[in-house]
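Undergrad: Below are the features listed in TrEMBL for this protein:
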| type | residues | note |
| --- | --- | --- |
| BINDING | K6, R7, K8, C9, G10, K11, D12, R133 | ATP binding site |
| BINDING | N162 | substrate binding site |
Amino acid sequence: MQDSGKRKCGKDYITDLLLERIGSKDAVIIKISSPIKSHWAEEKGLDLKQLMSADEYKERYRQEMILWSEAIRDKDPGCFCRKAVVMYKAQEKPVWIVSDIRRQTDIAWFTQEYGETVRTIRVAAEEDVRVKRGYVFTSGIDDKASECDLDKVGNWHWMINNNGSAEELEKLLDPLIEDIRSALAE
């Protein structure tokens, strides 16, 4: 299961809800950004825990990390996908929730490797909602492939519009959870 969306749309919140509802016995959250941030923290002597958070610390380094990781992806589009699968020991679980798909090449890699078992989810939120969550447009970040490449994708398995209350979101997730449970039962 792959989760995609713009900054501050609620991807991490939704992936946490999915893991909670599916259960950690059957599912794991994979963050493709983890091997990127891990390398960056080690290379630059930074705090990995803070780089993994949603706070301002990460934002200071985001643009440099994007540029570096794009150069790696140009040579090997699946590099960080493979590393993240290993890092999170994903092979031990039947359900993988990839919380930060950012590029069409990420979707292509998972689809080529795992075929019909892949489900894609687009998480969206209106800009005014994202602004209330702390989003501020940043040139060089919000107009780059890391934020825009998936805008061209139209064939998502699931679309989650995260503009409402927690109760509304829970109802939107019900059919998705049922899809996952039925796949696990097969």
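Cβ coordinates are placed from backbone N, Cα and C, and glycine is handled just like the others.
Nobody curates TrEMBL annotations by hand; they come from automatic prediction.
On a predicted model such as this, the values are computed, not experimentally measured, just so you know.
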Undergrad: Can you give me the same-chain residues 6 or more apart in sequence from G10 (ATP binding site) with a CB-CB distance under 8 Å?
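TA: Sequence-distant Cβ neighbours: V123, A125, R133, N162, L169.
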Undergrad: Only counting partners 6 or more residues apart, tell me which same-chain residues put their Cβ under 8 Å from the Cβ of R7 (ATP binding site).
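TA: In sequence order, the residues whose Cβ lies under 8 Å from that of R7 (ATP binding site) (at least 6 apart) are R130, Y135, I141, D142, E147.
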Undergrad: Name, in the order they occur in the sequence, the residues of the same chain whose CB lies under 8 A from the CB of K8 (ATP binding site) and which sit 6 or more residues away.
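TA: Expected: A125, R130, V131, R133, G134, Y135.
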Undergrad: So how far apart do the ATP binders K6, R7, K8, C9, G10, K11, D12, R133 get, largest Cα to Cα in Å?
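TA: Max Cα-Cα spread across the ATP binders: 13 Å.
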Undergrad: Determine, for the ATP site, the additional residues of the same chain whose CB lies within 8 Å of the mean position of the CB atoms of K6, R7, K8, C9, G10, K11, D12, R133; present them in sequence order.
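TA: Surrounding the site, in chain order, are G5, Y13, V123, A125, R130, Y135, N162.
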Undergrad: Among C9, K11, R133, the binding-site residues in question, whose Cβ has the most other Cβ atoms within 10 Å in this structure?
TA: C9
